[in-house]
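Trainee: What TrEMBL shows for this protein is this:
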type: TRANSMEM; residues: A:46-68; note: transmembrane segment
type: DOMAIN; residues: A:112-301; note: domain 'ABC transmembrane type-1'
type: TRANSMEM; residues: A:114-142; note: transmembrane segment
type: TRANSMEM; residues: A:154-171; note: transmembrane segment
type: TRANSMEM; residues: A:177-194; note: transmembrane segment
type: TRANSMEM; residues: A:206-226; note: transmembrane segment
type: TRANSMEM; residues: A:232-258; note: transmembrane segment
type: TRANSMEM; residues: A:279-300; note: transmembrane segment
Amino acid sequence: MQTTNVETNKGNIDPGKFAKLEKTPKDVVESGSKSRSAGQEILYRLYTNSWAMVSLGILLVIVFFAIFGPSMSEHNFYSNNLDAQNLAPSGDYWFGTDSLGRDIWSRTWKGAQISLTVGLVAALADLLIGVLMGGMMGYFGGKVDEILNRFSEVLYAIPYLLVVILVSVVLGSNMWTIILAMTITGWINMSWIVRGQIMQLKNQEYVLAARSMGAGGFHIVLRHLIPNSLGPIIVTLTLSVPSAIFAEAFLSFLGLGVQSPAASWGVMINDAMKTWKYFPWQLLFPAGLLTITMLAFNIFGDGLRDAFDPKMKV
Amino acid sequence: MSKSKSDALIQIDGLKKYFNVGGGTLKAVNDLSLSIRQGETLGVVGESGCGKSTAGRTILRLYEPTAGSVLFNGEDIYKMNGSKLKAARRNMQMVFQDPYASLNPRWSVESIIAEPFKLHNLAGSRKELRYKIEQLLDVVGLKPEHADRYPHEFSGGQRQRIGIARALAVDPSFIVCDEPISALDVSIQAQVVNLLKDLQRDKGLTYMFIAHDLAMVKHISDRVAVMYLGKMVELADAEELYADARHPYTQALLSSIPVPDPDVEAKKERIVLKGDIPSPVNPPSGCPFRTRCPAATERCASEVPELREVKPNHFAACHYA
Amino acid sequence: MSKQDTVLSVKDLEVQFNTRGGVVQAVRNVTFDLKRGEALAIVGESGSGKSVSAQTIMRLIPTPPGKIKTGSIVFNGQDILKMSEREMEAIRGKEIGMIFQDPMTSLNPTITIGNQITEVLIKHQKMSRQQAKDRAIEMLRLVGLPNPEQRYAQYPHEFSGGMRQRAMIAVSLACDPTLLIADEPTTALDVTIQAQILELMKDLQKRLGTSIIMITHDLGIVADMCDRVIVMYAGKVVEEGTKEEIFKNPKHPYTRGLLRSLPRLDQPKDEPLIPIDGTPPNMMHPPIGCAFCDRCGDAMKICAEQDAEITSHSETHASRCWLNHVV
């Protein structure tokens, strides 16, 4: 009926257009957009961040050479060769030799092994203890929080070098004592981050909803609180790896850590210091790799942070 | 009273919930007694800090009470231990205010609605569970394939539907709706309210509907309780309360709502209360409302008014009601 | 209606935002006038473009990501969109005041309430410190704060929500602006406090003759204190008219739906609410035709294909709907 007498101010519209629109029910959710979980979103954002991906690539290359590098060269990392002291890089010694005639290529990648091991093991130890302690502080709150918090504050107040020296006096200087010494105080930062996250999340309504459905504490912590704190945890983890690597190099440089003939970047840099004007490659390779590794970890960590929380991006 | 007691699903007696805050005790719920009847909707209204949300959460034992008892089907839920309480939780569910905060952002809709099934070991096989979830989505007006989506892909109203589906999952008889529409747009509010009413009719649900929108509360409720500073100041049938409010606070509250009708607004003599809501940490002596009450007398400062039946089934806590 | 009676004239305004996901077309082709001493309501849901329109008038849209694509905003004979930032600063706070939804975040927490008012007065009115202080206390008294002398020296956190909103009104009215823009000024407040603030605003408008643009989603507030109403949907004005015209004779299906979906205190309990089905469109890809078409019960074929022109129903009443073209 409506179609028979139409009057428009444009005049030229086909009256048939004024027939009732037959609607096909539309999906309430935007169609076309692929459904992505929060995790997939994060991976996608990380994947499209070229700086982070380049850093990841560099780290993978370093890991590859740390594993296979030493065995690629026919020279091992510990044998002195008095006929081949302070040689420049060549086809035989790819990175040259040091003052005792040891192969810098093998030593550098052996040092990478130690650095990466220290970085990863120390970070994992921080993660385990930090998440456990922080989780308890955040979830229980009250007295538990207060006691654990005081305890960590006391630990935090002990000078870190003192701890390292004490531990190495008691247990001797090697890689594992460094890791132990770093872990004694290293977890505190992680625990505070986890504590803050959990405290904030445990008042979210979905946690209350789970409780109203009869969920116990275990379920809530494991299924709701920890997964939703993963972002800051992973970011803190990624950023604590380079600081552990640097700490190991620094302590070994001072002679408090890994001891010669074991190869560590810190030891190598210390050895090369005396003669770097004459044999710069002895310093260049360990110091350069230390720098690149730390930079790559930091940039990758930043990329992760942006991927987890795009609002933080500057 | 005897009749309402007999068919009461929930019997709340002397309920108190205090919080320790810096500098004192916050009496969020201060001596609340009422019953909620099988199949009815009890509306609870009041302004921020009146304790309405705390009351809802304490009744579900999401907060441990300071004093009092809540009988659910004749059993005190505060005396129940772990497994019994968990079983009781199947019957009492909650729909939350913020549709953005009440769904775990990392979970798919399927996992969200599956959670209550899994917690109560009702999941059955994967296929059965999926079927139940799709059924629930259909009940709340969503589609089966939405089970694979994530909360951030839905609008506020749709998320609230997901929250309702989750609450319905384990077939509860009582649902506390804690401001379920406050965060939604006007044109969406009516959708959710109609859904809640349909569900009540189909499943015989009992609701405690907490809100600050009095017009919406009147629309959905059979009886309405008005709270002020942790106390219930008036309780009556919805129609009765709006037609003949006895407590000066209820009268002011009713007259404060702007009505979407210019003629009504033009004629209305609005009661504008003086001053602010006092802090519940340090409430006034006597009647909590006396500091803002246009009709307060000396008696109000010294004597706490008891809730009394001013008319059949109409209760008010005012000396002069 | 002589020309000088028009305080503000917005014409063909288009504002968009560049986001990660794409371009959001927040305001599309908005045109309206505001007369001296008039209270105009802009009504709409979240995402309808009502707040963005208001912020554009104050030039408070961050650019980027925001971008004012076309249009003009003529205020007292000058185009705001063509002004330099410096000229704009002279208008903000002096000629146009603004009240925001959350009084806590719109007052500076580290400056006393009194100094927040005197600062504006000293900057715009070139008053001496003492003059400004007297005026500030007078303003605090005007907005109904008890003990204004004492309140003058207090910080925002010492105020309750309602008192903060009163203080915010005092700040925004201190220089006697021609226009006051209130963006959901009572949404964060309790009902009885809302009533206080609305009474205050009505009273002040009567006494000071300020023009008001009230952004709100609450049709009750509109009925209470506004003269004229603009209804926005998906970035466009879909209906415009006096309060009586909009409430008694709504022409656009969205306005009608909005009014029908509200429960009324005099409504029988068993009568169900009539909701508007569906959800508002995604403003990254607004529909080609009428944006309300998907949710409209009266939609016709043409509605999905092109948007309607504005049709006048009276001198003050107009709407944008194809139904107007069907006899």
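Including glycine, each Cβ sits where the backbone N, Cα and C put it.
Note: TrEMBL annotation is automatic and uncurated.
Keep in mind that what you see is a predicted model, and the values were worked out from it rather than measured.
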Trainee: Between the stretches A:46-68, A:154-171, A:177-194, A:232-258, A:279-300, which one has more Cβ pairs under 8 Å with the transmembrane segment (A:114-142) than any other?
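Mentor: Going through each listed stretch, the top one turns out to be A:177-194.
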Trainee: Where else in the chain does the transmembrane segment (A:206-226) make close Cβ contacts, counting only residues six or more beyond its ends and a cut-off under 8 Å?
Mentor: 131, 135, 138-139, 197-198
Trainee: Out of A:177-194, A:232-258, A:279-300, what stretch is closest in contact terms to the transmembrane segment (A:154-171), meaning most Cβ pairs under 8 angstroms?
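Mentor: Checked against A:177-194, A:232-258, A:279-300; highest Cβ contact count belongs to A:177-194.
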Trainee: May I ask which of the stretches A:46-68, A:177-194, A:279-300 has the most CB pairs under 8 A with the transmembrane segment (A:232-258)?
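Mentor: If we count Cβ pairs closer than 8 Å to the transmembrane segment (A:232-258), A:177-194 scores highest.
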Trainee: Are there residues at least 6 beyond the ends of the transmembrane segment (A:279-300) whose Cβ is under 8 Å from a Cβ of it, and what are they?
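Mentor: Beyond its ends, the transmembrane segment (A:279-300) has Cβ neighbours at 51-52, 54-56, 58-59, 62, 86, 88-89, 95-96, 98-99, 104, 107-108, 111-112, 115-116, 119, 238-239, 241-242, 245-246, 249, 265, 268-269, 271-273.
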